[in-house]
Amino acid sequence: MARVVVDVPLAHLDRPFDYAVPDQLADTVQAGCRVRVRFHGRLVDGVVWELGDSTDFAGSLQPLSHVPSGEPVLTPQVAQLVRTVADRYAGTASDVLRLALPPRRAAAEKRPTPTPDHLPDPPDPAGFARYQAGPALLEALAEGRPARAVWTALPGEDWPTRLVELCRAALSGRRGALVVVPDGKDLDRLTAAAARLLPAHAYTVLRADDSPEKRYRQFLAASRGAAQVVLGTRAAMFAPVRDLGLVVVWDDGDDLHSDERAPYPHARDVLVQRAWLDNCAAVVAGTSRTAEAALLVESGWAHELVADRAVLRAAAPRVRALGEDFELARDPAARSARLPSLAHETARRALAAGTPVLVQVPRRGYVPSLACARCRAPARCAHCAGPLGISPRPGPGGARIPACRWCARPAATFDCPHCHGTKLRASVVGESRTAEELARAFPGASVRTSGSTSGVLATVPSGPALVVATPGAEPVAEGGYGAALLLDSWALLGRADLRAGEETLRRWMNAAALVRPASDGGHVIVAADAAHPVVQALVRWDPGWLAARELADRRELGFPPATRIASLAGSPEALAEFLDALRLPDGADLLGPVPERPRPGQEGERERFLVRVPRSEGGALAHALTEVQGVRSAKKALEHVRVQLDPLELV
DNA sequence: TAAAATGCATGT
DNA sequence: CATGCATTTTAC
């Protein structure tokens with residue numbers, strides 16, 4: 001008898017079904033292998049959750065139809081993780097399995113999987129010597145202890161090498177390791193470090209942009225236990241690592257860690273869950289720090305892995321802030337590029353010293369939102385602290401008055417809690433300075449750009465050049481940048497998103513970390529008010545301080561991660577039915593509805609509700625939502641309600 | 001998709 | 001209150 005999870009999207013069928021194993025398939029079928037079965041009269045794909053010898057099913061079992069191969073692609077540990085993630089995000093196991101298992105390619109299965117010929121020694125602890133508990137962490141990993149750390153990497157840190165050293169420590173103790181990074185550029189750097197520090201075939205790389213054939217081959221290297229170290233982008237969070245001893249997520253604030261397919265799991269949360277289930281070590285790492293990571297520290301789940309202030313001072317560039325009323329450069333060319341004189345001067349000196357200069361400009365297209373006209377703090381709803389915006393549709397009477405984007409209450413009057421200003425203004429929308437403008441301000445300098453439209457550069461050489469990049473696309477400069485200019489800060493800080501502060505610091509620090517230390521002439525100029533806490537955190541290079549402060553603020557305002565929030569989106573009718581069936585957990589707060597901006601390929605009016613519960617009720621909320629989804633799918637409710645837990649954007 | 005379960009009218 | 005037929009439910 002085989003217990004099979006069938007690949008159907010219906011919530012009320014999210015459980016295994018028992019099938020008889022015909023004699024001729026008995027030799028092939030294995031726990032964790034793919035099968036085809038007759039279900040509801042049709043042939044569907046499925047995975048064998050487990051093999052057993054008895055069934056609770058009263059009727060007579062259907063036989064398995066086909067077993068394409070006995071390759072066990074779903075390990076018991078990953079099966080447990082899939083179930084846990086489905087429950088946590090109010091999704092189904094088959095949805096999560098689609099993320100966890102790459103499509104099968106028969107050719108890749110037939111190829112032999114190369115194995116490493118030796119285990120490595122533990123890594124040289126010198127790389128982590130700058131962090132107080134660094135060498136101790138490596139030791140714990142080598143001994144297979146479930147150490148947990150939030151690692152804040154120093155500016156200029158060769159973090160890919162450090163992360164591979166963590167893997168090597170685990171591997172030296174015969175334990176597997178899994179590292180998830182946000183994008184291909186980071187993965188390239190990580191892979192290069194692995195090639196230097198790990199035995200051949202001891203690691204495998206899972207990336208979305210490989211061909212299906214190669215993806216499956218790389219996956220099999222892990223599932224067959226040949227490669228015990230897996231490096232990858234977010235889909236690798238489910239990789240079947242043999243004897244998992246360590247999970248690592250790099251730059252967990254990057255929104256690429258959030259999967260955009262249902263049930264929208266986040267790599268950090270999944271890996272933390274995985275560390276719980278497998279009782280293995282975990283490292284949440286980055287140059288900056290998220291409020292979620294701060295919560296892991298505050299709750300005692302993880303220790304901080306940080307350098308002390310003296311070490312930090314030696315590594316960090318000199319950071320200076322310009323207020324809003326900065327003096328524009330006297331040079332007319334620089335003025336046309338709207339460069340403040342200090343920024344102009346700093347860049348000019350770095351170029352003269354023969355070093356490259358990084359200019360970070362935000363991507364265009366941020367959603368305009370409302371801020372206090374006096375102090376520019378994002379304007380928040382007096383009732384639920386959601387962001388204020390101008391409704392896309394005129395209200396009754398045709399007036400377009402500001403309203404909360406969460407609970408839709410109009411904000412007839414505004415009283416800024418920070419400065420008691422009463423006027424609102426639209427936040428600055430990001431508008432990139434063009435490379436040509438900068439070129440005019442620095443005649444003779446070569447200008448290179450790196451961004452999603454112009455193409456992302458991985459590295460730039462050490463000579464003098466202006467490098468214009470959007471956040472996340474900053475190339476690494478050989479020997480480090482002489483200076484960085486962080487421009488258009490209000491476009492970042494003024495965003496309505498509740499993560500705007502943390503996200504701004506993350507982007508600034510990721511750019512500033514590529515600059516040489518101050519002792520080596522490295523300067524960073526940020527065009528923002530020095531009094532702003534995010535700017536203070538950058539100047540003092542103290543991401544832990546900002547993250548702790550963010551966490552405290554969010555607790556005060558009832559935001560995640562202090563609370564858990566579910567977003568429910570659909571037609572007004574479907575939402576009404578859904579809410580009618582929903583039994584809200586204790587202390588739940590229902591906000592909305594607000595109109596949803598239409599998504600491509602969707603028609604009809606759509607709305608959104610938010611359900612907010614205390615963090616302790618997160619499980620109960622997910623359970624209640626699952627229950628409603630189950631009832632609706634059993635009733636064949638035609639209109640789908642999109643349920644998303646802990647959505648990244650709460651605009 | 002098709003078998004099983006349920007609902008319902010009809011005739012004794 | 002059996003019987004036959006239509007409709008609904010289930011999904012192994």
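Including glycine, each Cβ sits where the backbone N, Cα and C put it.
Unlike curated records, TrEMBL annotations are generated automatically.
The feature region 'Disordered', as given by TrEMBL for the ranges A:102-124, A:378-400, sits at A:102-124.
Each of the binding-site residues A:CYS372, A:CYS375, A:CYS416 was assessed for Cβ neighbours inside 10 Å, and the highest tally belongs to A:CYS372.
Here the Cα atom of A:CYS372 (Zn(2+) 1 binding site) is found 12 Å from that of A:CYS381 (Zn(2+) 2 binding site).
Local packing around the binding-site residues A:CYS381, A:CYS419 was summarised as the count of other Cβ atoms within 10 Å of each Cβ; on this measure the leading residue is A:CYS381. Same-chain residues with CB within 8 A of the center of the A:CYS372, A:CYS375, A:CYS416, A:CYS419 CB atoms, the Zn(2+) 1 site residues themselves not counted, are A:ALA373, A:ARG374, A:ARG376, A:ALA377, A:PRO417, A:HIS418, A:HIS420, A:GLY421. Counting in whole angstrom, A:CYS381 (Zn(2+) 2 binding site) lies 10 from A:CYS416 (Zn(2+) 1 binding site) by their C-alpha atoms.
The DSSP breakdown of the region 'Disordered' (A:102-124) into helical (H, G, I), extended (E, B) and coil residues amounts to 5 helix, 0 strand, 18 coil.
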